[in-house]
């Protein structure tokens, strides 16, 4: 059949390492503390810090209030990650929100999450990062003016196609590219931080005089500013997607969170201070590519290095997003919530090519139809809706299931704060600035009901879907991966 039978909760979690082919393997526990910190920080530091400062300042109206938003975003991400760390020590399975919602609330809400994540959230995240890459890649060819949107979107589409080829051909090549480009992004940020400190030492502090002037007080606008800031922190929950691969997850997960997120928050604040030291608020707002404008002002003839470094950084981040994008899809297929074809691997390359191709196609649609800022806003709306649901599950376990063994406990006030923030981030823009697009997203989430009951609940699988699956298997040269018999 085209949908796998859902695994019962009585059976122990198992999976298949796609990089090892069809051998009967569990995911290996090879991710230690240093790797865990690198995974969180490397995923968080992507395109956002090079694109979002302009939009946070635009919505908040003043430099000081925008820095407060960045600080609050880091604190909220820290609280969210600590809450997820407790969940990860109770439910020691990979899959992040999907597996937590499945185990706590059951099949139906988990299916809605998987359906929305695979079709909308993951592709939207990839599209936003690739659009960021494109902005910086083409900026040097259009000095002194904004890059044409057609050129930007074509470049972003080409980026997705290249990533698809790389990730479908070879797992090792994809991971090597990820490591190389992580070094590039750290170098780019360090250059910006050092340059900003030099400017401040020379007395360039005009942006910080009357720093709260023109601050916005609208709750909806503040919510949208949070969306743009939190986009830069997206990835704080990434370690929960690989819980089965962590060495001593009960120790590694909380420690990695406590190291990585404060480190990234401090780095982001220093980068924003550097931007404001080099540019006035009005100059920052008129910049289509903030880091490039900073490079033009600070580095002069060497400004092309910033453009190159940021383009490499965002390309590496998009590769990481693409590489991990199939994990929820694969696990959802394993649990019977996605078409069977999406959990298959290429017979020679040993990569999850169907899931990657599907993510690629959906991301291309996102690029054609949206801009960076609109994609980020709608991505954040959906993400925080499901973050709130997951945190509600943690609160339920803390109150009703206190007997469950857990090696790490977060104070209950922390998930309560995260839940309140999630409710605010979902409702504030709707109440203050209602948009039809938000209604469309909500309708899309609940449109999963139409698919869930016939395909998952009652297992009504039309025969033509079986034929389609067979033909796709032959065309894509993929086969089902073997699951652990235990």
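Each residue, glycine too, has its Cβ placed from N, Cα and C.
What TrEMBL records for this protein:
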REGION    1-21  region 'Disordered'
TRANSMEM  31-52  transmembrane segment
TRANSMEM  64-85  transmembrane segment
TRANSMEM  97-118  transmembrane segment
TRANSMEM  154-174  transmembrane segment
TRANSMEM  180-201  transmembrane segment
TRANSMEM  256-278  transmembrane segment
TRANSMEM  298-317  transmembrane segment
TRANSMEM  354-372  transmembrane segment
TRANSMEM  378-397  transmembrane segment
TRANSMEM  409-431  transmembrane segment
TRANSMEM  437-456  transmembrane segment
Any contact between the transmembrane segment (256-278) and the transmembrane segment (64-85)? By contact I mean 3+ C-beta pairs closer than 8 Å, pairs at least 6 apart along the chain.
yes
Recorded stretch, among 64-85, 97-118, 180-201, 298-317, 354-372, maximising Cβ pairs under 8 Å relative to the transmembrane segment (437-456):
97-118
Does the chain bring the transmembrane segment (180-201) near the transmembrane segment (154-174), so that three or more CB pairs sit under 8 Å (pairs 6 or more apart in sequence)?
no
Applying the under-8 angstroms CB criterion, which one of 31-52, 64-85, 97-118, 354-372 scores highest with the transmembrane segment (154-174)?
354-372
Does the transmembrane segment (64-85) reach the transmembrane segment (354-372) with at least 3 CB pairs under 8 A, where each pair is 6 or more residues apart?
no
Can you work out which residues elsewhere in the same chain, 6+ from the ends of the transmembrane segment (31-52), have a Cβ less than 8 Å from its Cβ atoms?
77, 81, 128-129, 132-133, 135-136, 178, 182, 185-186, 189, 228-229, 231-236, 238-239, 242, 245-247, 252-253, 255-257, 259-261, 263-264, 267-268, 271, 289-291, 310, 313-314, 317-318, 320-321, 324, 372, 376
